Structure formats: structure tokens, C-alpha cells
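Participant: This is the structure I have questions about; it appears just below.
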Amino acid sequence: METTKKLSVLLCLFFTMNQAISESDSDEHMATFCNDSSGNFTRNTTYNTNLNTLLSTLSNQSSFANYYNLTTGLGSDTVHGMFLCIGDVNRTTCNACVKNATIEIAKNCTNHREAIIYYFSCMVRYSDKFFLSTLETKPNTYWSSDDPIPKSYDKFGQRLSDKMGEVIIRSSLLSSSFTPYYLMDTTTFDNLYDLESVVQCSPHLDPKNCTTCLKLALQELTQCCGDQLWAFIFTPKCLVSFDTSNSSSLPPLPPPSRSGSFSIRGNNKILVGMILAVSVFAFLGL
């Protein structure tokens, strides 16, 4: 009987920790930009009320779609806003990400008339200017692995450029798909490593501007991080990422306690798993 009670407690612990891991992975904050040049608004004004309404609506709508845009107010009190979740995340993850983003953008850009916030799974933006169909690549943010591509990955730079160029062209044909402009491709090279390529544009861009946005984002990403295991750039209108970190040819994972490294997204899962395993044996007295 005592053992059964202990197992029940451990199961509750496991599911709680697993939920925390999932939320942590999906809600990784990348950057927040509060645009000072657009001016400020005063609290308790009509613009402030319209902004609060817009952010609340975006948060609610993220339960039903991976993309949504909205305009509230009239004249100088008009606020335009949108959110975009990465095409492969589910609605639960999208909603959690957008909910956090709307809270944080309001908290960190308290009186700014324009701001944008990026997470790994989503972005949220608002402005007093209409921006939906405009091509923009700034402000952007990128993250990358701390570990370089192994020397055995022959001609990686050229292969990355060629493959991403192909994926960008294919994605421009997906303007009317269920998830517009989103495309993920996995290609194996030399039976040695897999290259996962992901691109996505804001649905309001036309195919030409989507292609241009992705090419400019790729150019910036390869210049900064083209020799890393993985890299990811998020711009106001598109995103580009590549990943080889799941390749079977890579050496064993480094110790999870290594701080300050983003080499492998998900190291925390390994650490939590180890802690949970130790807890099980200790709790049961094994």
C-alpha cells in the first residue's frame, strides 16, 4: 500500500515536470523591441484602451489559429496588431506563446506606440501604423548553436545555401496553403547528417516580397551563423532556420550542467529526466 502511494506521488510529479518542460521549451523568449522613434502614449487614454483590447484579442484568438491580425480604434487612436506562430507548433503551444508574449510586450513597452516581441514559437507586434503588407526585415533577432559544424560535413556551406534557396522558392508557391508560406524540408547528405530547413512568411506578404524577405534573412543568418550546428532568425515578416543537431553522426551530448550554451535545445529534458530517475530510486528506497 505504501509503495502504491509513493508511485502515485511520483506520477503526479512526473506529469507536472513534463508540463513545465513543454511550456519552457515553447516559450523561450528571444528579444523585445520597443520603438522609441514612434513616440509614446499616455496611460488611461483611448489609445491605451485600444491597445489593451487588441492584445487581449490576439491572446484569445491564438487558441484558434496560428496567425491573426486586428485593427482597433479610429484616427490617431488606431492600433494595428498581429501574431504569427511557427507553422509546426500546435494550438496549445501557440496559445501559450502568444499569451506570454502579449503580457510581456505590455509590461516591457509600457507606453510605446509600436513594439515587437519574439519567442522561439511565435511573435507578437503592434503599431499605430499599418504594416501588414509591407516588406520589413528589421528589427530582427537570431540565435544559434555554440558548437560548430564538424569538419566531416563536407561542403556544408554550399549545400546549406543551395538547399535553403530551393526551399525558399518552393515556399513562395504556398501562399494559399493551410499554413501560408510555411515549409520544412529534411535532406540527408552522404548518409552522414540531416539538414532540416524551415522557412515561413507572414500570410499578408505577396509571393515576391515573401521570397525577398526570406533571401535577406538567409543572407544575414549565413553571415553570422552559417558554420554552426543550428541557427534561427526571426524578422517582422519572415523566419528562417536550419538544424543539423539531430544527426546521428554527432558526438554524445555535453553534460546538461554546462551553462550559457544553446548548443542543443532541450538539454533541460535530459537533466530533468536524470533528476526524476534519481528521485524514483531514492523515494522507493531502491
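Placed from the backbone N, Cα and C atoms, the Cβ positions cover glycine too.
Model, not experiment: these values are computed from the prediction.
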Participant: Have a look at 228-246, 266-284 and point to the one annotated transmembrane segment in Swiss-Prot.
Facilitator: 266-284
Participant: To the nearest Å, how far is the Cα of ASN40 (N-linked glycosylation site) from the Cα of ASN60 (N-linked glycosylation site)?
Facilitator: 26
Participant: If you count Cβ atoms within 10 Å of the Cβ of ASN40 (N-linked glycosylation site), leaving out that atom itself, what do you get?
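Facilitator: That number is 12.
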Participant: Could you give the Cα-Cα distance between ASN60 (N-linked glycosylation site) and ASN100 (N-linked glycosylation site), in whole Å?
Facilitator: 12
